[in-house]
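My structure is below; once you've seen it, I'll send some questions.
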């Protein structure tokens with residue numbers, strides 16, 4: 001099972017071989033003792049020769065193009081030294097099998113790797129580009145052949161590749177070392193330069209590790225020089241860019257190749273951007289001592305973080321060999337291990353580590369010789385010796401050129417100790433001093449308490465600050481109490497939270513000139529900025545905005561609230577329209593609808609009359625189809641209430657059907673549009689943006705003088721803002737600018753004035769207005785922020801900034817915002833100046849409808865009164881002409897007395913009973929009432945005969961109730977009082 005055999009077994013086997021070779025001697029005439037003596041001598045000779053025999057351990061190596069010349073030289077030296085030194089790998093020898101790739105071709109790398117496995121190898125070491133390395137990881141993982149790679153770039157171990165090891169430490173360990181160095185500097189802002197050597201994801205990792213320490217981080221990418229590019233890496237060029245970046249370039253982190261780093265520092269020296277105030281940190285584990293001398297750091301402070309080399313006997317032997325190589329191989333003289341190419345040293349340690357693991361398997365008798373493997377999709381049998389070898393590679397710890405190498409479960413080298421250096425300019429040379437070291441366990445250990453260039457730590461507790469402020473609701477306002485003035489507001493609440501967090505005390509006073517601060521002609525500043533510059537106040541706190549002009553004279557903390565400019569207006573007066581129910585249709589539509597109503601009524605009546613004359617015996621359309629009833633029918637159809645008429649003829653039905661379709665469309669459209677008009681309140685404002693404000697002259701507008709808003713409008717290059725400022729400064733509008741914000745608010749409440757001011761302030765004013773008559777309009781311009789102003793280079797500024805960040809992260813500032821800018825306040829904030837929101841309908845929406853109803857009621861009552869008066873007048877006139885008897889007898893035509901057998905009786909319920917004897921042939925009760933001339937032969941219910949001009953007077957329908965016994969009894973018929981009372 002084990003190809004490797006012990007000395008005893010080897011001796012026995014060779015003894016048998018020697019016995020066979022001396023067989024001829026035993027058959028000779030020599031004595032047996034002589035033969036035996038000769039055999040023993042041969043056995044001893046053969047045993048001595050076999051004791052030098054080694055088990056072959058084939059080791060594959062893949063190198064890519066001429067850039068790996070030093071790595072290949074280190075590999076050959078490692079194999080030769082290990083085979084020569086029997087203490088490293090006794091009783092075995094490494095058999096190198098080298099493969100070269102002309103270019104980075106992953107498919108070619110897979111084919112070359114499979115060819116190595118077909119010959120039988122124990123492991124593969126490689127120094128290739130990342131794409132090639134990823135391809136090798138895949139094939140080695142499938143065949144269970146360990147791959148130990150020395151990455152030239154920041155290649156990573158692919159997740160799930162159990163048979164891959166990286167000689168470089170994991171990138172996160174280096175990032176943690178860099179983060180600890182940056183944190184100890186106590187920087188609050190920095191600029192990061194990086195190129196392809198340092199992946200952007202690692203920059204994100206560094207920023208995450210230093211979260212909460214920085215106020216501002218600028219990340220700039222430089223072109224890579226790995227492709228032979230000779231582009232000069234770019235710092236900001238031009239006076240404007242240098243002035244913008246000059247302050248920020250005082251704290252810089254360089255995460256680039258060594259070549260880019262050297263060029264960057266040289267360019268900064270040439271542009272005089274590297275002064276004693278500048279502190280740069282260079283993080284590159286491969287930077288050498290010769291390259292540090294080439295940096296020539298001028299007068300600035302330069303900190304370098306690189307790989308720490310722990311010296312050992314292997315370091316000395318390797319350095320002795322490396323110095324013996326030609327200069328074209330080592331790229332110049334080598335004075336220290338740091339001058340050796342880092343990947344070459346890693347290659348030596350990789351071969352040495354594999355040899356230690358193989359020897360450990362020999363001792364445990366778990367070594368399995370390599371098989372000739374076949375890479376195939378169909379049939380692929382992995383090497384059974386791969387798992388024990390891989391497990392041993394992870395367990396052993398091997399001292400080497402760079403220190404003790406070992407691997408964790410992720411496949412990375414655990415030797416990630418870093419060295420921290422300080423570079424100083426001495427005469428014409430750069431002196432390198434060790435400032436400390438970093439270890440994954442003990443973290444950063446420095447020779448001094450802080451690294452050179454670090455910001456000193458200040459004690460702020462129990463210090464009393466003098467704070468200047470300016471009343472600006474809701475940020476700051478004062479309330480008079482029996483014990484004195486009490487300051488309240490959002491800014492004051494934030495100051496209280498800061499004092500609790502940092503442990504300081506404060507005294508607040510109000511600036512005398514009531515101004516935030518602006519430059520004066522003599523070079524001084526007014527307002528709060530002036531008090532801070534003159535030292536009257538330690539810092540200024542109010543609704544003070546951060547502007548470039550102010551930042552030149554004072555230092556601001558990080559913004560604690562965003563700032564923008566808006567327009568404050570008085571809400572348009574809501575007009576009450578009594579006839580809003582007419583708004584869904586234009587007046588032309590209403591006129592056309594009325595015309596259609598009249599036209600259809602007339603045509604419908606004419607069609608009936610024309611048809612009646614032609615077919616007088618057709619009872620389809622009833623006798624009540626007159627013009628009055630026709631118009632009532634058309635109106636009832638229009639309002640969806642129907643009519644009393646019966647439409648039977650085809651022409652009238654066609655017209656009626658078309659009218660119904662017309663009314664359906666009209667009424668449906670009216671109903672839908674009316675709902676929108678009643679449920680949506682429209683308060684149109686002529687001003688909805690700054691462009692609208694600048695393009696009109698009816699409403700004057702302005703802002704507070706000597707403020708950042710006034711300075712912005714005065715210096716702006718935008719046409720709209722230039723027109724706004726020209727209007728404010730014109731002679732006709734000399735009163736447009738106001739002295740204080742409160743004055744501007746009062747002018748807005750009086751009407752016809754627009755006030756430009758801070759959005760948070762005007763929003764608060766609109767939310768808390770007593771009459772809810774203010775609104776904000778326009779898209780915000782000039783987006784900045786509010787901050788606390790400190791004197792230039794004040795050491796307390798950074799402490800306050802960090803405290804503000806903590807208040808933001810904890811949500812304290814959000815709670816204060818909700819306190820002073822409530823969402824559900826007394827008034828609703830209108831951001832557009834024209835509300836378009838659904839709300840409950842009030843009486844104003846229905847005032848016109850109620851007016852129409854009231855007019856209808858009054859009109860109906862007036863007509864009813866006129867009818868009563870008219871009928872009373874007619875009755876009095878008839879009584880004078882035809883006096884009726886008190887007993888109720890009917891009067892005959894021409895004034896004759898009615899027969900005694902015709903009587904009238906009126907009941908209490910209003911009914912009139914007329915009793916007529918059967919012998920009566922004709923009685924005229926009224927001019928419109930007739931009794932039949934002949935008594936019917938049979939008892940029945942019948943109607944009077946139709947009108948005959950010669951015999952009868954026009955009458956209405958009368959029903960007669962005849963008794964079932966016949967005509968011998970009296971007849972009785974009943975009519976309602978309304979039909980007879982006015983006629984009797």
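Here, residue 1 is simply the first one shown, and the rest follow in order.
Glycine too: its Cβ is placed from the backbone N, Cα and C atoms.
Worth saying up front: this structure is predicted, and the values here are computed from it rather than measured.
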With the ranges 612-634, 635-657, 658-680, 681-703 to choose from, which does TrEMBL describe as transmembrane segment?
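Spelled out, TrEMBL records transmembrane segment over residues 658-680, not the other listed ranges.
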To which of the residue ranges 545-565, 566-586, 587-607 does TrEMBL assign the term transmembrane segment?
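Spelled out, TrEMBL records transmembrane segment over residues 587-607, not the other listed ranges.
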Could you tell me how many residues in the domain 'Ionotropic glutamate receptor L-glutamate and glycine-binding' (474-534) are helical, how many are strand and how many are coil under DSSP?
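DSSP composition of the domain 'Ionotropic glutamate receptor L-glutamate and glycine-binding' (474-534): 21 helix, 19 strand, 21 coil.
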Determine, to the nearest whole angstrom, how far the Cα atom of residue 708 (L-glutamate binding site) is from the Cα atom of residue 687 (site 'Crucial to convey clamshell closure to channel opening').
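It is 23 Å, counting Cα to Cα.
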List the same-chain residues at least 6 positions away in sequence whose Cβ sits under 8 Å from the Cβ of residue 545 (L-glutamate binding site), in sequence order, or say none.
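Residues satisfying the criterion: 516, 563, 708, 758, 784, 785, 786, 787.
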Cα of residue 687 (site 'Crucial to convey clamshell closure to channel opening') to Cα of residue 550 (L-glutamate binding site): how many Å, rounded?
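Rounded to the nearest whole number, the Cα-Cα distance is 32 Å.
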Kindly state the mean pLDDT of the domain 'Ionotropic glutamate receptor L-glutamate and glycine-binding' (474-534) in the predicted structure.
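When the pLDDT values over the domain 'Ionotropic glutamate receptor L-glutamate and glycine-binding' (474-534) are averaged, the result is 89.
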Using the CB centroid of 545, 550, 708, 758 as the L-glutamate site centre, which other residues of the same chain sit with their CB within 8 A?
516, 543, 544, 546, 547, 563, 707, 709, 784, 786
If one looks at the chain holding residue 550 (L-glutamate binding site), which residues at least 6 apart in sequence have a CB under 8 angstroms from its CB?
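517, 529, 556, 708, 789 - these are the non-local Cβ neighbours of residue 550 (L-glutamate binding site), listed in sequence order.
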Mind computing the max CA-CA distance among 545, 550, 708, 758, which the record assigns to L-glutamate binding, rounded to whole Å?
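Spelled out: the longest distance between any two Cα atoms in 545, 550, 708, 758 is 17 Å.
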